[in-house]
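Q: Can you read through this structure? Questions will come right after.
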Amino acid sequence: MAVRGGGSGPGETRGWSEPNRTEPNQTIPCRAVFSPQGSPEAAEEAEQGPEPPAGAAVRRGKRVTPTAAAPQPAKLSRAELYKPPTSEELTQLKETEDLFHSSLLRLQLTDQAWLSKDVKVPFLQVPFNVKGRFHFVPPAELKVVGSYLLGTCVRPEINVDIAVTMPREIFQDKDNLNQRYHRKRALYLSHIAQHLSKEKLFGSVKFAYMNSNHLKPILLLRPQGKDEKMVTVRLHACPDSGLFKPSRFYPSKNNVRTAWFMEQSTPKEGATEPATPHYNNSILCDTVMHSHLHFLSNTAADFPGMKDGLALLKVWLNQRQLSKGLGCFSGFLVSMLVAYLLMKRKIVKMMSGYQVLRSTLQFLAATDLSVTGISLAQDADPSLPTLDDFHQAFEVVFVDPSGLVNLCADMTASKYHQVQFEAKHSMEILDDRMVDGFQVLLMTPKPMLRTFDHVFHLKHVSKLQGTCKKMQLLNELMDRGGNYVAAALPFVVSLLARGLSQRAQLVAHSLPQIPEWPIDAEPPKHKDVGHLTFGLLFVPEFASSTLEKGPQADHPEALEFRTFWGEKSELRRFQDGSICEAVVWEASTVCQKRLIPEQIIRHLLKLHADIPESSICYTGALLESVIKIGKEAQGTGEEAMVSVVCSYDDLSRKLWNLKELPLTVTAVQGVHPALRYTDVFPPIPMKPVYSFHNKSKHLLYPSEEKPCPAYITPLKIICHMEGSGQWPQDKGAIKRIKAAFHLRLAELLQQQHQLVCRPAVTHTDVYKDGYVFRLQVAYHREPLILKEVITPEGMLKYQDTEESRQLELETLHLPYLTSSLHGLQQQHPVFGSTSRLAKRWVSAQLLSDSISEECVDLLVAFLFLHPAPFTPPSSPQVGFLRFLNLLATFDWKNNPLIVNLNTGLTDSECTEIKNKFVAARSRLPVMFLATPKDQGSSMWTRERPSAQILQRLVLLARESLRALEEQLMAPLSDQDVKMVFRPPLDFYDVLIHLNPNQIPRHLESVDRPVKSVSRGVVKNSSATNVLFPVVDYDPVQLYLQELRDAFDDLALFFYDKHGGEVIAVLWKPLSFKPLPFKASSMKGRKVTTLNNELVCIPNVEAILEDFEILGEGLVRSVEAHTEKWTI
């Protein structure tokens, strides 16, 4: 029964008889032969080529237009009928034979005008040639089925499912074979579609595939006007009950003949036909629609909690992207699961919706349906297939009440394991008193990019045809109606899961989804699912291991290991003397080791699935390029950070063991971000080139002729000295004693350890291993002494002063924070890199001066300590995406962000923090961060960010996240992820362009300069006895400070401290208000008259000129966006 189509693919079908043109019961027998085009996979792609003999009009979209008025057939006598044909008739017959291979079809086209141009049959007819007849008869019955009647629909999509029962008379004996039933079903729907498309009642009439299964088209109807988006009526065509014998469709039976599918004229001798369980299941599903409705309505009777429970479960599935697409965990499936649990008394009708949710998640978490399937069939009919029969045919098994249909037929084991993993994780969250489970589980979306540590795309799914050939999946292809994506996907996923078994706790894939299409368009092909996305969730301990150890060489499994890994496998001798098969992956830096899974995936897919590397787009670490350092950017700085920490540890030991100090050192605590692994660009060991600098005695200083020397950051360390009665109790005297200690420390380090030191009043700089450490002595009672205030009555009282707060921050809170985050890095190796990405982004948005580094570190720490509903990040990129999401979606106005460092807060303390926060909201900072040591004051955000800056940050985070996720999920587009690190500059009033030669950190900019200037240092860590380098010298920061001191009342200044070439200026809104003339307030203003009064207004020309004068040699030009502001 080949149905004609005017489309681009073989056998896509054109609409059939308009009801008003043919009698309802008129039979249209049709057999069209379709020329074999090799394998069915080739047929779909072969859209051009030599004109096939059969149905050329079909393949090329040429239509034979019916004549204007269809002529009536002439009455011929029997004698006339058998007269020999004239030469004209012979030519006509020859033409008919050549063009159509069937005079019958020619007659249909010319004499019957039943072919409509407006509807194409929604079915991929590959192969084209099918036996059978079809005629349209109005439906035997229409019945609403599905969630609408049960009242378990969940917005945003309200679907009303209607089962349209096709009458018996349109079917024939062997319609269960070779897609005949499916094609008749599609024809039936196209008839209805053509009829309904003329009705004014419907706003749109479209086709779709049910759960993206191309064997099961359905018809979507939406009402006119504003209700169009509200509701969708879905028409499902199903056969009359009792039409087919159920035993024909057992999982072990065959209903698709190989010879037909391969388009061979005769079947091979003695070949057995393979089982077609998915094909059989797709027909059985249609036969049980009504019985499923009865079954579910009986379950839902007197069970109010079921409705709420199902609504919650559907939202839970939607948020995890599990409920749409081929092989999804649909709302219908979860309804049947709740019914199963009720039947097994795991749920009772007294339960509330929340209890139904919990019980279902509990069951999913504990039961692996890919190993032990479940069945709703109650009476054990011995003739029905057993659960074992289903397990042999399907990856996941859940049998319906009839005992015939596997409800999870299309689901891959991998997808079920993802559901199971999510259920386990959700149960842990619900049991955690510290987490608002409802908010986290049901209100937080979990898109793949934010859920999985690494994500990669298979760009061209058409490559899976090659996979089917390579893996010899012909039987699966026949079973899936030629859908090579569905046939190959389970095999590809299990291949990857095996290759990553030690490294990944979960290998998941997106669900192939095909959008709906207009009824006059060709049905979508298999390749129209777009790209497939795979997600990997790592086991952090093993994800980046360079070794894959196999069995011993003489064991039988060794051959299997060699076959699996191909030429990568080699024999190696291990320390214990064993000689084993092993695979060693090339990776020297931490950032390369993180990408070992990419090497594995590319290798295995090429070797076993014939998927070329060019078809794989691996987006796991695209963002890391912005924190790579140096021109030859090897790694992302983790190694540099480790070497800083080693040098610091060594210096600590030397300080503790210093001899001849009047008081011993009781503690050495690092406070620099590099010592907690979160410095965006960690320091690299440097030795100054003397000829590049000016020299004076033992000092080097920058030369005016040369570019600015490289920036050397001082690594600050707090040295706590022991307490003693000898310490003075006067703050001035304490400062002098500390200065003496700084001098003495420098002296002793030089004498005892030959370190070059440079003492100052407030600190001592030590040059060691190519780094500069800045030691600052601390005395534990000093903050208390700074708090002393004498009242007018002569009483002594203690109160916080700005100075005491600052000192406590530097000597108590910052060391505690640094050691806590250092510990967090040991637990979560990507914490540091995630924080560095976050800070790099904040700085790139020109906001690094508007929010403290410690604040960003704490926000990132929150993602690792409180990751629900996710797992803690195991790659910097996913951590960074979640950081943007946290900034963009957290309710800063109404909630404190509680970062429970070292789990130092109990449940009741957290509640108390929230209550106090609500009570004192108006007096607290706009961004409130609470930690165990800082529960009420949010010290890291007390000064900044301001409300306006926070608002800007939230907006930028939202936009950056949207743009990034769009790019990372579009593997075929240009993936320039640095886009979100380039700030929009048209927002600012004035831009001050700087001279790159005088920007010491120019190499750190997002878009690295093509040619860089020498900065007067060489990498060297072993040099001793050198002159002290120029430390902490950044002309841009000094210039910024001058600008802020001079123009703070008029403007805000923004800059990317990591090599930015522009300082952006925003005028303050109030600065342009004319002020009454006062001689004392004339800074940056000029006098003018307004309404006959003398007023002062900003002297913009002079201010812009001042910008240039102040930055002479550093400023290249000042660009004013004058159209943006007026005085």
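Any Cβ shown, glycine's included, is placed from N, Cα and C.
Sharing the record's features from TrEMBL:
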COMPBIAS  1-12  compositional bias 'Gly residues'
REGION    1-74  region 'Disordered'
DOMAIN    160-300  domain 'Nrap protein'
DOMAIN    306-444  domain 'Nrap protein'
DOMAIN    449-609  domain 'Nrap protein'
DOMAIN    624-826  domain 'Nrap protein'
DOMAIN    828-983  domain 'Nrap protein'
DOMAIN    985-1118  domain 'Nrap protein'
Q: Spell out yes or no: are there three or more C-beta pairs under 8 angstroms between the domain 'Nrap protein' (828-983) and the domain 'Nrap protein' (160-300), with each pair 6 or more apart in sequence?
A: no
Q: Over the domain 'Nrap protein' (624-826), what is the model's mean pLDDT?
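A: For the domain 'Nrap protein' (624-826), the model's average pLDDT rounds to 89.
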Q: Provide the three-state DSSP residue tally for the domain 'Nrap protein' (306-444): helix first, then strand, then coil.
A: 72 helix, 5 strand, 62 coil
Q: Could you give the number of helix, strand and coil residues in the domain 'Nrap protein' (985-1118) as assigned by DSSP?
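A: Counting residues per DSSP class in the domain 'Nrap protein' (985-1118), I get 37 helix, 38 strand, 59 coil.
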